Amino acid sequence: MEKAGFGKWVLGAFFVLFVLFLYGPTLTILILSFQGPEGGLTFPMRGVSLVWFRRLFETQAVGDFGGSLTRSLLLAFLVMMATVVVSLAAGLAFRRRFAGSGALFYLTVASLIVPSILVSLGIGILFNQLGLDTAWYSSGLGAQLTWTLPFGLLIMFAIFNRFDASWEEAARDLGATSWQTFSHVVLPIILPSVVGVALFGFTLSYDEFARTLLTAGVDNTLPLEVFGMTTNITTPVLYALGTLSTALSFAVIGLALGAVAVLQRRRARRLSG
Amino acid sequence: MAGSGTAARLLPYLQVAPLALILGVFLVVPILTLVVVSFFDYDSVRIIPDFVWTNYAEVLLSAVTWRTYAKTVWFAALVWAITLFIGFWVAYFLAFHVRSRTVQTALFLLCTIPFWTSNIIRMISWVPFLGRNGLLNQALLGLGAIDRPLEFLLFSDFAVVLAFVHLYTLFMVVPIFNTMMRIDRRLVEAAVDAGANAWQVLTNVIIPLSKPGIAIGSIFVVVLVMGDFITVRLMSGGQSASVGLMIYNQISLLQYPAAAANAVVLLAIVLLMVGAILRVVDIRREL
């Protein structure tokens with residue numbers, strides 16, 4: 001067993017290095033975003049300040065941060081709602097075989113496999129040929145859904161694989177209609193996982209870049225704005241934006257996890273009481 | 001409603017209609033449009049409906065595009081090998097060496113958290129690390145390992161591959177970890193009882209049973225790298241090429257039919273690669 005212990009140490013060290021590799025760069029820009037007003041893009045820190053965060057909100061200096069953030073949050077909310085409703089409905093349907101279920105499943109998986117720039121370009125050209133203007137809330141929304149829906153549906157599959165159908169049978173035996181069975185039995189049971197799908201939809205949309213690039217129209221979403229800034233901003237404002245955007249992502253994750261915890265506690269209380 | 005036959009039979013179709021509609025309008029029709037437009041003609045200001053093969057001729061007969069495709073495949077192969085190596089051992093450590101379920105979940109979440117932040121920001125975050133005056137150069141200079149800052153760290157193929165690995169290793173870790181968690185531990189015990197050493201357990205039990213996860217991870221990584229343009233653009237500082245970047249540049253020049261022809265060729269190559277992976281490994285029981 002001496003040798004197995006050694007292997008475990010090597011693997012453990014490898015894992016620690018991997019985590020450092022994952023987090024190191026992000027932590028660096030987190031620190032550098034508090035760079036003093038004289039400081040540059042790299043270390044050393046010349047003092048500590050919030051000046052780069054303040055400069056972020058001065059529209060003139062760095063493009064349209066407030067506008068792009070608002071659009072990104074709105075779009076992420078729309079994508080989240082659509083992802084939850086559409087993949088939940090489809091997940092319910094896929095519990096039974098129906099004509100075309102195989103084809104639709106493969107189409108959904110294909111939506112993940114097709115390189116993002118092709119989706120972006122295809123939708124862009126399609127709108128152009130139809131004489132329609134692309135906009136984040138129409139073509140951009142659709143483009144992002146081709147990315148979030150497959151994830152949503154795959155999570156739904158995982159949920160319903162573990163779902164005990166006898167609960168539904170019990171409800172039906174007691175005289176519940178399909179809708180009552182769904183809303184009083186199925187939905188409450190799977191609700192925490194549905195919150196997970198919502199979280200996926202929101203963050204995938206909030207961070208999406210390639211599929212939005214040619215479909216967002218004239219107004220940028222936040223990742224597009226960041227991309228624009230990388231070519232012409234050479235101050236720590238860029239890091240401030242990165243820090244703020246990441247903080248917002250984490251706030252959303254925290255909210256979702258909190259919601260799941262509340263749901264589960266409420267359920268535990270109901271079951272015990 | 002549960003009893004009425006027609007309604008119950010129609011219900012699944014109503015339930016999948018939104019999904020089918022969205023994928024139809026925003027995936028199938030746009031891809032078909034790409035195929036159609038790839039045969040169109042164009043000049044500097046507009047695209048002209050036509051049926052010409054010139055766009056494909058330009059893609060297939062130009063040495064530059066061949067080199068770009070070769071480069072992209074090279075990136076994909078290299079990143080695949082590295083992410084597979086890292087992803088496999090990270091997943092293996094989590095699945096077989098961490099005994100406590102809680103610690104396991106916590107460490108797994110620790111690995112997935114970076115996935116929730118923007119790729120572009122994660123790329124930018126390499127700048128203070130790799131730049132001419134970055135942390136790495138400062139550290140190496142301080143140690144006396146080098147006497148001049150290394151120039152190749154940022155804006156190079158090295159930076160591109162590093163960023164790819166940083167962004168996409170997670171896509172390997174998650175599916176491999178999932179399949180490993182489903183391996184019946186009694187199989188490992190049986191192998192040990194039958195006299196297998198750690199290495200034989202790994203090569204005869206764990207790796208064969210992890211193949212579906214490896215295949216899913218490989219598909220993700222290969223597809224993401226093959227279609228990428230932003231990482232190559234940002235991290236190479238415009239000094240390297242990829243098919244995605246070539247398409248992006250053609251789009252910037254409004255050469256939509258040329259971009260579409262390239263896109264169709266890229267899609268065909270990606271589908272062939274995915275098909276090859278699926279031929280080697282059956283992933284159906286994973287889905």
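Quick reminder: no glycine exception, Cβ is built from N, Cα and C everywhere.
Annotations in TrEMBL come from automatic prediction, not curation.
Sequence-distant contacts of the transmembrane segment (A:9-34) (same chain, at least 6 residues past either end, Cβ-Cβ under 8 Å): 41-43, 45, 48-50, 52-53, 236, 239-240, 242-243, 246. The transmembrane segment annotation in TrEMBL covers A:9-34 (among others).
Residues or ranges marked as domain 'ABC transmembrane type-1' by TrEMBL: A:69-256.
Here TrEMBL flags A:73-92 (among others) as transmembrane segment. Residues 136-137, 140-141, 144-145, 148-149, 151-153, 155-157, 159-160, 182, 186, 194, 197-198, 200-206, 221 of the same chain lie 6+ residues outside the transmembrane segment (A:73-92) yet bring a C-beta within less than 8 angstroms of a C-beta in it.
Long-range Cβ contacts of the transmembrane segment (A:104-127) within its own chain (Cβ-Cβ under 8 Å, at least 6 residues beyond either end) map to 94, 133-134, 139, 142-143, 146-147, 149-151, 153, 210-215. The transmembrane segment annotation in TrEMBL covers A:104-127 (among others).
Annotated transmembrane segment per TrEMBL: A:147-164 (among others), in sequence order. Distant neighbours of the transmembrane segment (A:147-164): 79, 83-84, 86-88, 90-92, 94-95, 108-109, 111-112, 116, 119, 186, 189-190, 193-194, 196-197, 200-201, 204-205, 208, 211; these residues of the same chain sit at least 6 beyond its ends, with a Cβ under 8 Å from one of its Cβ atoms.
If you look at the transmembrane segment (A:185-206), the same-chain residues 6 or more away from its ends with a CB under 8 A from one of its CBs are 72-73, 75-77, 79-84, 87-88, 92, 144, 147-148, 151-152, 155-156, 158-160, 163, 167-168, 170-171, 176, 222, 248-249, 252-253, 256, 259-260, 263-264, 267. The annotation transmembrane segment is assigned in TrEMBL to A:185-206 (among others).
Annotation source TrEMBL lists transmembrane segment at A:237-263 (among others). Non-local neighbours of the transmembrane segment (A:237-263) in the same chain are 26, 29-30, 32-33, 35, 41, 52-53, 55-56, 61-62, 65, 191-192, 195-196, 198-199, 202-203, 206-207, 222, 226, 229-230; each lies 6+ residues outside the stretch with a CB under 8 Å from one of its CB atoms.
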